[in-house]
4 protein chains.
Amino acid sequence: MLEPNDYKVADLSLAEAGRHQIRLAEHEMPGLMALREEYAEEQPLRGARIAGSLHMTVQTAVLIETLTALGAEVRWASCNIFSTQDEAAAAVVVGQGTPERPEGVPVFAWKNETLPEYWWATRQILTWPGADENPDAGPNMILDDGGDATLLVHKGVEFEAAGTVPADPEEGDEDYSYEYTVILAALRESLAENPQRFTRLAERIQGVTEETTTGVHRLYQLAEEGKLLFPAINVNDSVTKSKFDNKYGIRHSLPDGLNRATDVLIGGKVAFVAGYGDVGKGAAEALRGQGARVIVSEVDPICALQAVMDGYQVARLEDVVEDADIFITTTGNKDVIRAEHMLRMKNKAIVGNVGHFDNEIDMASLAKTEGVRKVEIKPQVHEWVLGEGTDNERSIIVLSEGRLLNLGNATGHPSFVMSNSFANQTIAQIELFTKHGRTTAGGSPEYANQVYVLPKILDEKVARLHLDALGVRLTELSKAQAAYIGVDAAGPYKPDHYRY
Amino acid sequence: MLEPNDYKVADLSLAEAGRHQIRLAEHEMPGLMALREEYAEEQPLRGARIAGSLHMTVQTAVLIETLTALGAEVRWASCNIFSTQDEAAAAVVVGQGTPERPEGVPVFAWKNETLPEYWWATRQILTWPGADENPDAGPNMILDDGGDATLLVHKGVEFEAAGTVPADPEEGDEDYSYEYTVILAALRESLAENPQRFTRLAERIQGVTEETTTGVHRLYQLAEEGKLLFPAINVNDSVTKSKFDNKYGIRHSLPDGLNRATDVLIGGKVAFVAGYGDVGKGAAEALRGQGARVIVSEVDPICALQAVMDGYQVARLEDVVEDADIFITTTGNKDVIRAEHMLRMKNKAIVGNVGHFDNEIDMASLAKTEGVRKVEIKPQVHEWVLGEGTDNERSIIVLSEGRLLNLGNATGHPSFVMSNSFANQTIAQIELFTKHGRTTAGGSPEYANQVYVLPKILDEKVARLHLDALGVRLTELSKAQAAYIGVDAAGPYKPDHYRY
Amino acid sequence: MLEPNDYKVADLSLAEAGRHQIRLAEHEMPGLMALREEYAEEQPLRGARIAGSLHMTVQTAVLIETLTALGAEVRWASCNIFSTQDEAAAAVVVGQGTPERPEGVPVFAWKNETLPEYWWATRQILTWPGADENPDAGPNMILDDGGDATLLVHKGVEFEAAGTVPADPEEGDEDYSYEYTVILAALRESLAENPQRFTRLAERIQGVTEETTTGVHRLYQLAEEGKLLFPAINVNDSVTKSKFDNKYGIRHSLPDGLNRATDVLIGGKVAFVAGYGDVGKGAAEALRGQGARVIVSEVDPICALQAVMDGYQVARLEDVVEDADIFITTTGNKDVIRAEHMLRMKNKAIVGNVGHFDNEIDMASLAKTEGVRKVEIKPQVHEWVLGEGTDNERSIIVLSEGRLLNLGNATGHPSFVMSNSFANQTIAQIELFTKHGRTTAGGSPEYANQVYVLPKILDEKVARLHLDALGVRLTELSKAQAAYIGVDAAGPYKPDHYRY
Amino acid sequence: MLEPNDYKVADLSLAEAGRHQIRLAEHEMPGLMALREEYAEEQPLRGARIAGSLHMTVQTAVLIETLTALGAEVRWASCNIFSTQDEAAAAVVVGQGTPERPEGVPVFAWKNETLPEYWWATRQILTWPGADENPDAGPNMILDDGGDATLLVHKGVEFEAAGTVPADPEEGDEDYSYEYTVILAALRESLAENPQRFTRLAERIQGVTEETTTGVHRLYQLAEEGKLLFPAINVNDSVTKSKFDNKYGIRHSLPDGLNRATDVLIGGKVAFVAGYGDVGKGAAEALRGQGARVIVSEVDPICALQAVMDGYQVARLEDVVEDADIFITTTGNKDVIRAEHMLRMKNKAIVGNVGHFDNEIDMASLAKTEGVRKVEIKPQVHEWVLGEGTDNERSIIVLSEGRLLNLGNATGHPSFVMSNSFANQTIAQIELFTKHGRTTAGGSPEYANQVYVLPKILDEKVARLHLDALGVRLTELSKAQAAYIGVDAAGPYKPDHYRY
């Protein structure tokens, strides 16, 4: 059922364009489509009311429609103010338009939200019609990316217990951020409407599934402090998430971003890749595959040894900063490329980030450097003129202002990669919803208020769901062979510590 | 000097955007910039009046401004009705705006011309102000891509000799094409204005340089028939053109085109590449570098053996058409992928061409097939629904309507690759202009009305001009070493038949 | 001290040849050499009396001399009847011949031992001069590869407690093997000499370090049953062992073995690799690097998905057995290539194993097949004629009789790879000897009678010791960066479950 | 027919071992075996009496038996004093032992000949029984590798015309070499026996086919000077020779040689490759495929640009000589690695040559350097101690004394590669024998006393003969397609200057 008043993007022509793209994406998301088929009859999510907070893209549309195909009711917001693809949102709101599936799903997301709009939207996915009167009509599952929905619930419960929302911190206070004041304002409004809304809601949440490093980190902290209010599944550390999303996704989307942003031939260039974790491995492979010579930097001696054995030069940035043409950060740490480095780079060197945090490249200190000027070449591509007017005047090209260039300059991971991540999300939702420890859904109490990873057999299942589309025929173990290596013929095939 | 009346794109804000891009492209075109520096004083093209017909892109702007920096006067048109980048054209018209270089160059090109506009523009580059009165004020050099400027001159001379332009052929006649009638109309207009224009002009042309297979083919035919009116240099067969443009250019621009057109992860897919010439070699390397499994088809047993030795499966299209996810043609032949093949492809298979002619994929017969429907997903990306309503309903995705996808879905070859091709063009212009066989410029008559390739030493020079930018330091032969292998220490280093 | 009577290989010219090779190997074993330097003064193994059971090769000689350089006394036997390199053994026995290091080490190993000789040798490393009288003069550490020294101690203790060694099982009994009867005979002899020898010895053993999957498996079983008599460190699962030894070692030694065994060009061939674990990954990379087209088979869907994403075809053996030219097993399972497969292979197909067990290729059933004849081409290379006299007569080439071809047809892993494994062994010896739970060496009781893996910080240390030799300069985390990602700036850098 | 008196290696057990290897090699030489089949009936070499001078290896045995299978009579010598594989020679002498093919071929070659023995053997292949009496019983074709047989004939004719063999030059004379005095002695003996032997013989030679750069160079010189006595086909410049032998052969045999010579892990090392021609391309690819980081040096800017575009660093040796672990020369020039370089290398650096001439590495000046000592590690592997007794004492490892390491440390190119070269030889023999310009065989006089390359259609044929064995199915051009690109549907498919 379409709710036009609370949603801006229900535009039928947009929706039609989005539906085309969703249809093509379905083909590239065989994991989700296989789950739809497998569970078509069983409807394991019947009764699930899922509050979803995750980039509202074409791929997410396929996820949402998979969840509803398995019986769930869903409300959705994006987890990033920029990342919504409006045509995807519109198509989801309008629904699939078939006789069997006439209805759409309420989506509260549009491209370029303000922060107050963003947190309003996040509240909407947790505020279900009628739930103030009947808490059992509210959400009972959270699907999270970055942990914002989970954060809102935990803060809401905390402040409701205190009876009040604290005053805004001042600028300069340690816990001050503009965004935090927006969250506090949203909760003040909520407490005014219903002073027990989040408390009751949290009691009924049967679990959250979370797919980012950051979100997972928050969950482990809450669990350690004994404050986690419901079970959580860490989808981020599934092999089919971490090894595939990070390595193969970046291998695809890094050159895509570079190519759309610039006119630079990657072949023959020297490319510097900071970090040789999974993201760095994918980045280095992509650049080498295009004929670049890749130099890697590493902190971890084991990853450094892997890089050398894979044929890459391993050096410190400061030792090669004058030699490279392209600089890519993949570390997840901060201040990896600093102003001092950028000032020594070649004229027209390209600097970009596919790590995680937008402080990997220390743009702030570059901006403060004397004699620096920023020129927009096109959106998400800026030339920074250095040492203007000196003998050493030069410029460098910074992509996406130091934020993730594969998102900012291209379209992020392709559908096939997301199919792996989202199949993990879907299976984790089924797992928690059908086996949680709350009484409302009658499941057996297998999960406590802790953080879990998916059992390896389910991780293997996610992989299995993608093999047909790639033309793979798996070999089957005979009983004797399975016994010989001490596993079940149906898997799991490896000990938990296996490194792949 | 800006001539706003005969040129549509002299728009100052466009020109500014174009100038930014030209400035960045200059950095990626070290061959051209090195030529500017080398010949800054000598001005070898002083006195040259060049009529240029070549895609009016940002890279071509750098070529044009290199020619003028070497002393030439230039008039320019595009060689394709779609390929002009209007901001590049505008920037060239407006000029570089510096005190030393205030003036621009007349450009007769804009995106999406009609055929009559196209041939009007081609006439403008050959019709110099005052040349009807004083033929020595007309063009004395042609720089060609595809041979249209050369064609117009040869046809003009032929019809001026006959005293009349023949009547249009009828549809159905062997020599009929709509474009030919447009050319005839343009020449009728010219003969009416000046019945000896092309005759006098051709007498003063000191040579043409041509960079395409097609244009070169026409030139060899004219030379064989004894009809070539001036010397020609075949730039297409320079090693630094054919091996670099074809192989390394495609390695870059094929995945770029695929990524911009679709959301498909190349990794893990089966890609079929028709042809293993230089273009096919670049295509296969690019796809493998992204993790695809590549199957090659070949007609030539030597190229087939190379493909196998490089680790690719070599098969016929009809034997693997049901297995591949992505189909790329690179052959330069026609009817390579036919309707009978497309009807057997997997659902959502992707079909694209980076060969040369838009009939490599036989779109015409697909369009005529019963039960076929074409849906535009976005410009240059079409879904063709096959067998609609049958049990076997499927669709395939065709890129750029079967035309070159690296141009249609991406931006063609990057500047660095074009720097190689254009440095060949510039050197060939200097060679012909300074050593031609006409009296007007006093050169020694080294070139007859034949087709030449650049001497290997100049081919090596083009390569040499690009090495500094890539951080290469060449080894130098000692005299004893040079003598030992029977070459000059300064090159050329290889016999003409060397294959690289 | 040389003991010529109990050791066959103390031959001075052999020793000299061995010393040359040891000297070259030292250069390729920077991990061990760095440990010698780091601990030259501290002498952490002073007081350690190590019984070592590990292939007596040139690389092991460098390990032995590292242990003694750190202060240990050592006695050594091989862990395989075939693997001793006599020149290495001789050189170790004779010693380094320098004034500082005049003495050798007792080695009880020679190429091609009988099983009684083998177990005699294993007894010698546990039977130290004077230890029957003074148990404190016996060994206090075991360094094991495959667990035979550990087995002998545990069986000895068991039978000494029972007061007798049981009678030999009969052929056909479940626990019968010829080798077991040899072990029983050895222990009968020992109990006759000293009925408490192993009991007293075991009380003084401060730990064992073990590097094979098989040996580790036995240790975990003993620990689970509560029967493990001393602490154990599982060196096999260090990242610097498993990821390096398996992947990079095989990448090197597989083509080496193929090339020495046959005259077959790998380029252009179709190679089938069973298994895509670390060994399979290394094998596939090596074969692709030589221009083969590689087809992988897998049981595990996650590894299968990795193989596809890496660009390999994944299929079942039975579906491609007629297409491949080279078949390599890497699984560690049994009956992976069976007679039914071999009978369908191409004429002159090559079959080899780099997995672990010699039953991966079911040679036994091939030998029993009718119409089969085996021809020795050269040692370790056999042609098996199939269907002799029929229309379908063919032959296949089997390497090393189905045993590890990189050992049988080449020389196994190169020194650099072993330097990683042996640095783990050495560090594990130091760890257990200096921090064990026994009183004799005064260490703090940090280790119980369980199986441990090396702490990640020591795994990182092993990697670190190899980086200098490869010209790597590691980046260092600032304090702020370390804090930001929640690690110590000196490592360890990753959580235990990190997959590399 | 076996001639035991003039041939040392007719040993039946050797012959049996050789026959095994020949049988396996036949499988890897599908080009030769296909020629046997194609021409089994036609017998195009019936009447040909071929004097062959080419390394007497297992692969050459397959060539010899192909020539005889096509009807030729053959006498054979090796073209190198070290390269004979005695078991191959023995097997050829003894023959195939089947009822259909009972007889062997006279072979005059054994491993480790002296120079007088070598030139005696070369005389034997030109001195056929009864030919002194009846010159038509002598050889009428030469198959050459390096040109020694051709040289002997030309010198013989020259001296016979002069009536005498000149006196030996003195040491120090420009034309002095020890080998030349051996040749003069051999010819003196011949003139004494028959003063017109070579003159009559040369009149009947219908042509020579030659496969080395050196031999071809001599032939072109003779032709230019008008001294070439019979037509010659340059097999060396067939694409299927130069591109395959050089690139794919070296890719295989370089790592094979390194691995057999040393225990050094190639992975992770820095490898320097001098030259990026076909041999250098194969070398670099092989080393990268094993995980080395490769640095290339080049003189030719075009090849340098190719190397950079392929992702390699290009530098001068003197700039990186302290960084590399492995040095490989591939240039075909002299003094590429000099003593001054070797003295600056890392301790235990490895130096080897796969180019052509044994002076690529200037061993002579190294040997003369003060403080240098040479230690044999094993045959063909020497340690050179540098700066002995100084603070900077080091050593480097030189393979095969600077000669071709793929021959010296391994077994040269594998059979499959040689099948390409030898199929060219065989086809060239047929071409010259059946279409020569002499009257004796009645052929049409298509060939003059010049040097020819094989027509492209025959080059394509050689490739075609190898495709079945690799599972390739070629695509066929339709008539319309062939017409469209202006070729015959059966080939040749490319212009002569095409570079592949």
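Glycine residues also receive a Cβ, built from the backbone N, Cα and C atoms like all the rest.
TrEMBL annotates D:Thr57, D:Glu211, D:Lys241, D:Asp245 as substrate-binding residues; of D:Asp145, D:Asp148, D:Asp310, the candidate listed for that same site is D:Asp145. Filtering the binding-site residues D:Thr57, D:Val279, D:Glu298, D:Asn406 for a Cβ under 8 angstroms from any Cβ of chain B leaves D:Glu298, in order along the sequence.
All protein chains shown were included, and the count of other CB atoms within 10 Å of the CB of D:Thr214 (NAD(+) binding site) stands at 15. Listed in sequence order, the residues of the same chain lying 6 or more apart from D:Asp145 (substrate binding site) and placing their CB within less than 8 Å of its CB are D:Ser53, D:Leu54, D:His55, D:Cys79, D:Glu210, D:Glu211, D:Thr212, D:Gly215. The Cβ of D:Glu298 (NAD(+) binding site) has 29 other Cβ atoms within 10 Å, all protein chains considered.
Within the set of binding-site residues (D:Thr212, D:Asn406), the lowest number of other Cβ atoms found within 10 Å of a Cβ is recorded at D:Thr212. Here is what falls inside 10 Å of the CA of D:Val279 (NAD(+) binding site) among the binding-site residues D:Thr57, D:Lys241, D:Asp245: D:Asp245. On the backbone, the CA of D:Thr57 (substrate binding site) and the CA of D:Asn406 (NAD(+) binding site) stand 15 Å apart. By a simple count of nearby Cβ atoms, those within 10 Å, the most crowded of the binding-site residues D:Glu211, D:Asp245 is D:Glu211. Annotation for D:Lys281 (NAD(+) binding site): spatial neighbours D:Lys247, D:Gln306, D:Asp310, criterion Cβ-Cβ under 8 Å with sequence separation of six or more. Take the CB of D:Lys241 (substrate binding site) and look out to 10 A: across all protein chains shown you find 25 other CB atoms. Rounded to a whole value, the Cα-Cα separation of D:Thr214 (NAD(+) binding site) and D:Lys241 (substrate binding site) is 14 Å.
A Cα-Cα distance of 16 Å separates D:Gly275 (NAD(+) binding site) from D:Asp245 (substrate binding site).
Here the Cα atom of D:Glu298 (NAD(+) binding site) is found 21 Å from that of D:Asp245 (substrate binding site). Across the structure, D:Asp245 (substrate binding site) and D:Gly277 (NAD(+) binding site) are spaced 12 Å apart at their Cα atoms. Long-range neighbours of D:Gly277 (NAD(+) binding site) (same chain, six or more residues apart, CB within less than 8 Å of its CB): D:Asn246, D:Cys303, D:Thr330, D:Thr331, D:Gly332. A straight line from the CA of D:Asn406 (NAD(+) binding site) to the CA of D:Lys241 (substrate binding site) spans 18 Å. Under DSSP, D:Lys281 (NAD(+) binding site) is assigned to a helix (H, G or I) in the three-state scheme. Classification of D:Asp245 (substrate binding site) by DSSP places it within a helix.
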